[in-house]
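Novice: Shown below is the structure under consideration.
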Amino acid sequence: MGFIGKSVLVSLVALWCFTSSVFTEEVNHKTQTPSLAPAPAPYHHGHHHPHPPHHHHPHPHPHPHPPAKSPVKPPVKAPVSPPAKPPVKPPVYPPTKAPVKPPTKPPVKPPVSPPAKPPVKPPVYPPTKAPVKPPTKPPVKPPVYPPTKAPVKPPTKPPVKPPVYPPTKAPVKPPTKPPVKPPVSPPAKPPVKPPVYPPTKAPVKPPVSPPTKPPVTPPVYPPKFNRSLVAVRGTVYCKSCKYAAFNTLLGAKPIEGATVKLVCKSKKNITAETTTDKNGYFLLLAPKTVTNFGFRGCRVYLVKSKDYKCSKVSKLFGGDVGAELKPEKKLGKSTVVVNKLVYGLFNVGPFAFNPSCPK
């Protein structure tokens, strides 16, 4: 305990002794007041004069100081207990509360109450509690300091790399022209002889023969017909109702027994007729007076049909106005032999009749 702690403790003990003595004196004075005059006791705290009407007391009233012996005991006990448990920090609060309460109560209540009650009420406990509470506090623990942190080493900075400077370019010197040396003629090399190869034989050219003229082919003329008789072939169909208005044979069917007529215009009108077979095919032989030399004046007409439901001549390939004869140009098929007579073969058509379709 330091010097400051000791001085505070001594002053606290002295203050406690003073307040306890004052309080006990007040209590003793209250106990003596019932036998005295009705004047208030607190104002005659010194020598008390006897009341005039009571003459049987020859001597004045004994002084109220004898009860002052009681405050002597507390100071003796009080200093003994504090040294046993020296508080580190003396509490200051209890001493201030104890002296405030006792002085205020006596002036409020007049000393009219019976003498038996005042000794019971005196607050003897507060003075005793005040010195007791301070030592009961546990000794103040030494301040716990936070664990000392290990000295933080400053972060080691990475070794500072020396600044890398770009490679300093060598000072570009202006191109110093080399000293112009006199033109040194290179040493005259001996003339390099070209490698001597064996004489290459000239390519043997084939003997140039005079240009052979391509064989002159005679001009191809259309096959010349010998004078022959005329035979005309073709087919006849019945058009379908769906395509009756079009010049097409889609859906058409061959007609059997249809009549075809050949007309050759000359000095004499020559005619010939024939009918178709079940496949609609016909071969019309011209009269023997008509030869292949005069076929250009001949025409073939579609005359009539055996089927009355399909008998209207259509305009397909000129069957209604007469179709021109076209000679067959395929070799080997341009002639036909009938009854040991050779006929030149010509083509017409195909022809067709329009059907009578329901509306």
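From the backbone N, Cα and C atoms, a Cβ is placed for every residue, glycine too.
Swiss-Prot feature annotations, pasted as is:
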- 44-66: compositional bias 'Basic residues' (COMPBIAS)
- 67-215: compositional bias 'Pro residues' (COMPBIAS)
- PRO71: O-linked glycosylation site (CARBOHYD)
- PRO111: O-linked glycosylation site (CARBOHYD)
- PRO114: O-linked glycosylation site (CARBOHYD)
- PRO115: O-linked glycosylation site (CARBOHYD)
- PRO123: O-linked glycosylation site (CARBOHYD)
- PRO131: O-linked glycosylation site (CARBOHYD)
- PRO147: O-linked glycosylation site (CARBOHYD)
- PRO151: O-linked glycosylation site (CARBOHYD)
- PRO159: O-linked glycosylation site (CARBOHYD)
- PRO195: O-linked glycosylation site (CARBOHYD)
- PRO203: O-linked glycosylation site (CARBOHYD)
- PRO207: O-linked glycosylation site (CARBOHYD)
- 122-141: repeat '2' (REPEAT)
- 1-24: signal peptide (SIGNAL)
Novice: I'd like the Cβ neighbour count for PRO195 (O-linked glycosylation site), meaning other Cβ atoms within 10 Å of its Cβ, all protein chains included.
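Specialist: PRO195 (O-linked glycosylation site) is surrounded by 5 other Cβ atoms within 10 Å.
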Novice: For the repeat '2' (122-141), report the average pLDDT of the model, please.
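Specialist: Taking every residue of the repeat '2' (122-141) together, the mean pLDDT is 52.
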